[in-house]
Amino acid sequence: MSGNMDEAVSGNMDEAVSAGKDVRIARWVATIAGLLGFVLSVSIPLLPVTQTTATLNWPQQGRLDNVTAPLISQAPLELTATVPCSVVRDLPPEGGLVFGTAPAEGRDAALNAMLVNVTETRVDVIVRNVVVASVNRDRVAGPDCQRIEITSNLDGTYADFVGLTQISGEDAGKLQRTGYPDPNLRPAIVGVFTDLTGPAPQGLSVSAEIDTRFTTHPTALKLAAMLLAIVSTVIALLALWRLDRLDGRRMHRLIPTRWRTVTAVDGVVVGGMAIWYVIGANSSDDGYILQMARTAEHAGYMANYFRWFGSPEDPFGWYYNVLALMTKVSDASIWIRLPDLICALICWLLLSREVLPRLGPAVAGSRAAMWAAGLVLLGAWMPFNNGLRPEGQIATGALITYVLIERAVTSGRLTPAALAITTAAFTLGIQPTGLIAVAALLAGGRPILRIVIRRRRLDGTWPLIAPLLAAGTVILAVVFADQTIATVLEATRIRTAIGPSQEWWTEKLRYYYLILPTTDGAISRRVAFVFTAMCLFPSLFMMLRRKHIAGVARGPAWRLMGIIFATMFFLMFTPTKWTHHFGLFAAVGGAMAALATVLVSPTVLRSARNRMAFLSLVLFVLAFCFASTNGWWYVSNFGAPFNNSVPKVGGVQISAIFFALSAIAALWAFWLHLTRRTESRVVDRLTAAPIPVAAGFMVVVMMASMAIGVVRQYPTYSNGWANIRAFAGGCGLADDVLVEPDSNAGFLTPLPGAYGPLGPLGGEDPQGFSPDGVPDRIIAEAIRLNNPQPGTDYDWNRPIKLDEPGINGSTVPLPYGLDPKRVPVAGTYSTEAQQESRLSSAWYELPARDETERAAHPLVVITAAGTITGESVANGLTTGQTVDLEYATRGPDGTLVPAGRVTPYDVGPTPSWRNLRYPRSEIPDDAVAVRVVAEDLSLSQGDWIAVTPPRVPELQSVQEYVGSDQPVLMDWAVGLAFPCQQPMLHANGVTEVPKFRISPDYYAKLQSTDTWQDGINGGLLGITDLLLRASVMSTYLSQDWGQDWGSLRKFDTVVEATPAELDFGSQTHSGLYSPGPLRIRP
């Protein structure tokens, strides 16, 4: 018996010794692996990388041919050039361009590029509009001159005429070497261009070292450190988990039982998210982010494609690399936005299954609270987080962090806290607004610190701290995977210097934008923040006033409010102040709504007066939301009701109705205060659950807006219809935008008749119209601006008058590539005495209309200019002068009988040349002829009109015309709507030369994409303006003729050139290496 007892005691002692040994091992493993993971992670930004180098050398293949090599950084690291003086001797008397880094005829070439030019008397070296050297041509052509050596680098730009000395001034007798020690004088390079022809002469060379500092990949050492850092961190977390288990508590289920319960709220929220995913609006920067993702693989890194000289997104933006991987499957919106849908579902599952129960049994058991959480989540998520912007992912990361912190607090374990730290770090690595996750960490900091202090007596300090350090720094293995600390600091310097990079004290701008009646402050975009604030502050007052509220967990509630307040604080330090950042509040706003619903319910807030006051607040918030337009970004706006006006019902603004109701509720609350009544069945009914009712109403409004848009737009473009067509291979807006490949095709044939001096266009007796009746500088779809604007068309630089008059004697340059030798023009503009002007053109034969003809030729178009009466989606009916299309049928005797007129769709802008659209669906099938009826009855010189003959254009879709292979500069606003077009790629510091440009509507292009992509800010227009000539093409949105969808421009080269062949190499550098600051200043 005693032997058995001895054996049992011995066995227990052995188990204890073994357990103690395991604990000691776990402590050492946690400490060593944690510190190793931490040290390796923080060393990764400093470890070496291999850089791909690229050099542009010219001449190529021994020929003096023009070559293109547009640098995304615009300026090289270094340029050296040697020009033998014999080249100058051999030039013709008028001279010419020896070489330039941009075509001499390119827009602002002298202002940006290097030009070595020879005139009749001088040899000039001009760099960025600075004369670096200017020497008499006879001296350079003389026998003493050997060669011209030019260098441009960080030390400055200099030109040395070897063999010559200066003949005057203080430096007379010294070498003929001049220049400036300015690193910003390095020229922009889009290639090498010359007037020279034939074989390359001996000694002529141009060599540019391209800035490829961001084109790097990790060395074997760095790759090993990254892998070991990740593995060490995982091992440290497993060891920490082993130490956590020493508390003897049974581990919670990974997925608790409550997760398996499905309710009606789940159905509404999940169904709403799914429907919105298909038909809903997208976010503002979707095109921007998608094109970054689409070009990343070819570039070798995630470049900020549209601005900042191609610098990388790091240290923020690892999420974009996920999208880059997804583009290997498809670029379609329905696929590429899938992370947002997944995050939306995760947010709801965590809210309903984890967060609400943690807030207390009163919240978890309240159906109204559950509805409030779901509907506020929906209402806040829908306007912001249905695209590619990362606010949805950040909101999810912050919620996961909060849930993990709460699990750490309830369990007393640190593994959930370590995972929360990792989650917060990765959330912060998405964008600076990821600070909301850091806010969740800080909100739970004190209870976590208590756990560490309590546990350190048993486990020691380092076994607990080291895994947390590794968990917080392992993100560096992702952020600095292919970049170094030097390149990331340079990218940050560039973004900060160019901007936008607003100071913390300008945070008021975010809220200012929110209250403006613009798309940034539209009805839907106000919901997230104002509903969160509406729930936050009353809850705060309740929690401060009452120390104990039955069924509400104070700790989690305070931490939730702390997250929201900390987020509002941290948002002050983000570099931009856009309202789309309010999408961060979607998840925590839903949780706050659930808590507030309980706190202001009749069971908790007994005062009828106070509940009525809160109802007044809810109604006021609704009034504030509706005191704006129902606007949405870009194509999401198509078909939405009240998308450019304040919503009304029966002529009364909805905002005014809610404001009146709010005032009534406030007066009722005041009456309850005076009468001191505490109970009222009517008040109880009205105040039972105002938050979910208000949120549900806003969700219905948003859903209805998009559903109405789909119905109105069908069968042309809407988000919903495009997403459905994507399953059958649809190409978004490219399927619905129609383009005229040649606007000279399709002009109608005039019927025989007696014509006046203007020919068939003028008819028999035109009054006040003349062939030259158009002001100077009237071009297609643009208005003259006093300040230079990037991205403008070549039409601005063409001669004001034609050298050779057109078919009817006009000297007016025509838009859209119209040929003056074939297309007449008549206008009423005059600087002399004004008169009433009238014109009825000859009848033009209208093609017979059948089903095939109806589909192939849906429009009659008149290219016109001036102030014209017409309709558009954006502006409704705009009054001006008359340019109608009159149609005629055959009478009993076969003569033409006028049968009616059609007023045009005119999308503007006024008074530019544009295409007036007359749908053939508004012309009866039996009409056989049409004519132009134009009247300018105004005696103001500013009111004038100009017209060309009618045409039935030959149309192709953009997808048919542009296709998927030609490189296209798609402005940042349009990329998601054109998933099948090929963006212009870049690699090794050089971009492709685009063939086309696709832009958003006129005002978005003018105010957003043209300015954002300006070359002075490191944008792509700095390349195209120098290298190419843009011409706008005639385009229309099918079946939505009054919609300004945007514009398509065709690029033509200034001079013929072929893509340059680059010389590649590789170099290995430490993480601290920098070739010097990238030139970002003019």
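For all residues, glycine too, the Cβ spot is worked out from N, Cα and C.
Some features that Swiss-Prot has for this protein:
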TRANSMEM  28-50  transmembrane segment
TRANSMEM  223-241  transmembrane segment
TRANSMEM  262-281  transmembrane segment
TRANSMEM  333-352  transmembrane segment
TRANSMEM  359-381  transmembrane segment
TRANSMEM  462-481  transmembrane segment
TRANSMEM  522-544  transmembrane segment
TRANSMEM  557-574  transmembrane segment
TRANSMEM  578-600  transmembrane segment
TRANSMEM  613-635  transmembrane segment
TRANSMEM  650-672  transmembrane segment
TRANSMEM  689-711  transmembrane segment
Would you call the transmembrane segment (522-544) and the transmembrane segment (650-672) in contact, using three or more Cβ pairs under 8 Å, pairs 6 or more apart in sequence?
no
Would the transmembrane segment (28-50) and the transmembrane segment (462-481) count as touching if the test is at least 3 Cβ pairs under 8 Å, pairs 6 or more apart?
yes
Six or more residues beyond either end and a Cβ under 8 Å away: which residues meet both conditions relative to the transmembrane segment (689-711)?
272, 275-276, 279-281, 368, 371-372, 375-376, 378-379, 382-383, 523-524, 527, 531, 534-535, 593, 596-597, 600-601, 614-615, 618, 621-622, 625, 630, 632, 636, 638-641, 718-721
Surrounding residues of the transmembrane segment (578-600) on its own chain - C-beta under 8 Å, 6+ positions past either end:
283-285, 347, 350-351, 355-356, 359-360, 362-363, 366, 368-370, 372-377, 380-381, 383-385, 389, 391-392, 394-396, 398-399, 402, 433, 436, 510, 513-514, 520-521, 525, 528-529, 531-532, 534-536, 538-539, 542-543, 549, 551-552, 557, 560-561, 563-564, 567, 571, 610-611, 614, 687, 689-692, 695
Do the transmembrane segment (359-381) and the transmembrane segment (262-281) come close, with at least three CB pairs under 8 A (pairs 6 or more apart in sequence)?
yes
For the transmembrane segment (333-352) and the transmembrane segment (462-481), does the number of C-beta pairs under 8 Å, pairs 6 or more apart in sequence, reach 3 or more?
no
Chain residues outside the transmembrane segment (650-672) and at least six past its termini with a C-beta under 8 angstroms from it:
608-610, 612-613, 615-617, 619-620, 622-627, 680, 683
